[in-house]
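Colleague: Pasting a structure below so you can have a look.
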Amino acid sequence: MKKGIVIQGARQNNLKNIDITLPRDKFIVFTGLSGSGKSSLAFDTIYAEGQRKYVESLSAYARQFLGQMNKPDVDKIEGLSPAISIDQKSTSHNPRSTVGTVTEIHDYLRMLYAHAGRAFCPKCNQPIKKQTVDQIVDSLISLKDRTKLLILGPVVVAKKGTHKRLLDELRKEGYVRVRIDKKIYILDEDINLEKNKKHTIEVVVDRILIKEGIAQRLTDSVETALKLGDGMVIAAVIDGEEYIYSVHFACPTCGISLPKPVPGIFSFNNPFGACPACMGLGASLEADFNRIIPDTKLSFRLGAIKAFTVNKESWLMRQLGAFLKYYGLTMDNSFDDLPEEAKQEFMYGGKELLKFSYTNMRNETKTYERVFEGILPMVKRRYEEAFTDKMKEELRSYLKEKDCMECHGFRLRKESLAFRVGNKNISEISNMSVTELLNFFKNIKLTEKEKIIAEQILQEICCRLEFLKNVGLDYLTLSRNATTLSGGEAQRIRLATQIGSGFVGVLYILDEPSIGLHQRDNEKLLNTLKGMRDLGNTLIVVEHDEETIREADWVVDIGPGAGEHGGYVVAKGTPREVEKVEKSITGQYLKGEKYIPLPEKRRKGNGMFIEIKGASEHNLKNINVKFPLGVMTAVTGESGSGKSTLVNDILFCGLSNIKNDTNYYTGKYKEIIGSEYIDKIIAIDQQPIGRTPRSNPATYTGVFSDIRELFSQTSEAKMRGYKPGRFSFNIKGGRCEACHGDGIIKIEMQFLSDVYVPCEVCNGNRYNRETLEVRYKGKNISNVLNMTVEEAIIFFDNHPKILRKLKTLNEVGLGYIHLGQPSTTMSGGEAQRVKLATELMRVATGDTLYILDEPTTGLHSEDIRKLLTVLQKLVESGNTVVVIEHNLDVIKVADYIVDLGPEGGDGGGELIAKGTPEEICKSEISYTGQYLKKVIERTKKLMKGNVHDRGQ
């Protein structure tokens, strides 16, 4: 038998000196309550040590370029393979990243188009052939007379380095000027380029004025530039357009030339491929009229233009007054009162000079003549010229992303889109779903020569597309921006990419890969994970999904509780062996001793509805959806079926704009009916509560402000004149200035990992000695931050305001966390419940609509049971809860279900079924109903057989 992964003395975070041996080349699941220590063992111990050992095997020179990793608190780990972590926190925030670039399929597509693409004229659609020097010269001579041109020969395109040797060679060859990154340099200057930055260098071969008799000189210059640029020449009109020519392709009819088809011109991250208007982003920020003037019937005097304050003496209002006067109107009129021609000029700018007077800050009144700029260009200009972040952020809310007018969202130059494979350009291919692409490439018709060139490339593309399909992402398009992916989608994309790499003997550590996945796709995911194992890899999966746990080779249950009550190995072995361990909560749920019961009856609601009519954003098919009030509604459906679009982009944003006067961008819909029936709308999303150690549950929930206020009311604090701010570790005064209130000092160790040691001045207490001398009931402010929620409830039992907030944290299952626990050490499930508790702490008014997006993320079945108790209490208090969810234990207890589908992507967006869970089970076309029926039947059997324990 192979020696396993031996872990001895693991004490990271809340782990209690764990010793455990994990089998190699197996599918292992780590499970347990949220905060029990699963991630601490999997990621913070095993993966961290694997990475640290790898980095330390490198030379000191190489290590200085890599992120330094702290040594985890563990005595010894033996038998570690190279470790790869696939978590949900590494979602790209780069707008240039797409599904295609992340999976590297786009790289293979670029190769395909470079070697097997056919060129067509963008204008006349004729096949394009190579272009001669004479054709290039004729094209330039046809430019407007007296046009000033720079003839450039590209010698370096987007390559890192100082390029000193190249620049020296150009000097010796007698060239005088070069253009580097769009800036002209004299070669005699001392040119110092950043070594680690990409640079584009073009030699200025000639500066030419288009006029009669210039043809010969132009020909010589073009030929020289073509030699330098390997068949490519750039003719740059000074302060104007640039023309790229190549001797390789030219349209005989239109004279349009195309660059040589190399992979770079098909990349929107390459200057020769990217659309020059949007720089390859595919979108631009434009002013949104509906946000600037949401009510077209409101008069200008009463503030119709939301983007600007109403001040009749301001520069804008004086101009606006002159504009309205020109059309015989006043500030008491509204946009709807404008004639059609005036509406266009009001939005986009006028033509006539308008006279108006303006008094400046020096109290000088002058008369001006100006053409009215137009509200839309004015807002965009002010945004671009804003000199403070606050002003920029405020004006940003009046802009929205729109497809680039030049490339129509395709991101590439029109020259790049002129090449086709299977009669489609690379952007059209990228806009297909994974399923459509697979069918396209499997049925593509190529010539014999093209088949020979493309065979291996197509094989690699189809292989990666199959992997995406097998992890339940068949609805995604390659052009989908990576920033719009959920954590679960991003993780499964990385998983598919790793499968494509074909690694063997690797230790993979995954964080809940089933998140966001419909039960229909779970089987595909499990088969994928088993396939990775069968290649000879070890998989450690942090997971709560029952089906995944049952399919694992080996299960490790961490517990028995969470936080300080966890950190022990409660059970280990096969799923069957874990079932037999009586103290294992996971085992009790697997065996059916514990379970989440069905409600005794479904609520009917209060008879009122929020109805969305004509929802058509993204893939929604103009659907009408009713959300009953006074009940708990689950929105279900395949991944990518439109759930988040419907609930987050339309229901929440639309209602918030109506009720709270916010300015969110909403998805497309015709009408929202019934907003008058709710008082407030609150969304609890999956974002972390803070990104720095200074953020903690006490500060986020606001209970720390109450505690600081209490400390400031003690006799000692009053005598010393201490205010609540004295007890804050974020501002000067009461905090320890040696560590700035962090309680720890970072010591940089150059080529070793940074070491964090307790501050010697305050001994890790965060505060200075004078502040710590103030005590309440024998405890100072640092002692209070080190208390768990459970301890604090007892300590503050005589303070209702503080007690109410602490009890709310305890009710959502967070009694074990410390008040001052840094948010960076909290799991995703803990962070979301802190946010939920914060909302529950607010004064209850009833008639509130709560929206939660997959609230069971990171939660064990026992945590889900506690969460559902809280959500049911909210509904009992007269509120409405809407959850987007795949977890069948949540769906089965909902009063009402809205099921979207039937598929994801373009195959989704339809309202498949609506009604109670029992009604959904009867639907023949609902995939959710098919799986829900089995769960409800199993739960009913458990309730009959285990009446002594209903998961309470």
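Glycine too: its Cβ is placed from the backbone N, Cα and C atoms.
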Colleague: Select from 304-330, 736-762, 871-897 the stretch of residues annotated by TrEMBL as zinc finger.
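Modeller: Of the candidate stretches, TrEMBL labels 736-762 as zinc finger.
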Colleague: Quick check on the annotations: TrEMBL lists zinc finger for one of 251-278, 447-474, 783-810. Which range is it?
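Modeller: Zinc finger, as annotated by TrEMBL, spans 251-278.
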Colleague: Determine the most Cβ-crowded residue among the binding-site residues K38, K643, using a 10 Å radius around each Cβ and all protein chains in the structure.
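Modeller: Ranked by Cβ atoms within 10 Å, first place goes to K38.
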Colleague: Would you please pick out, from the binding-site residues S34, S36, S639, S641, the one with the fewest other Cβ atoms within 10 Å of its Cβ?
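Modeller: Counting other Cβ atoms within 10 Å of each of the binding-site residues S34, S36, S639, S641 gives the minimum at S639.
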Colleague: Where does G637 (ATP binding site) sit in DSSP terms: helix, strand, or coil?
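Modeller: Where G637 (ATP binding site) sits, the three-state DSSP reduction gives strand.
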Colleague: Far apart in sequence but close in space: which same-chain residues, 6 or more away, have a Cβ under 8 Å from G32 (ATP binding site)?
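Modeller: Within the chain, G32 (ATP binding site) has Cβ neighbours under 8 Å at K38, D557, I558, G559, G566, V570, I585, T586, H860.
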Colleague: Around the C-beta of G637 (ATP binding site), how many further C-beta atoms are within 10 angstroms, looking at every protein chain?
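Modeller: Looking across every protein chain shown, the total is 29.
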Colleague: Count up the helix, strand and coil residues in the zinc finger (251-278) according to DSSP, in that order.
Modeller: 4 helix, 3 strand, 21 coil
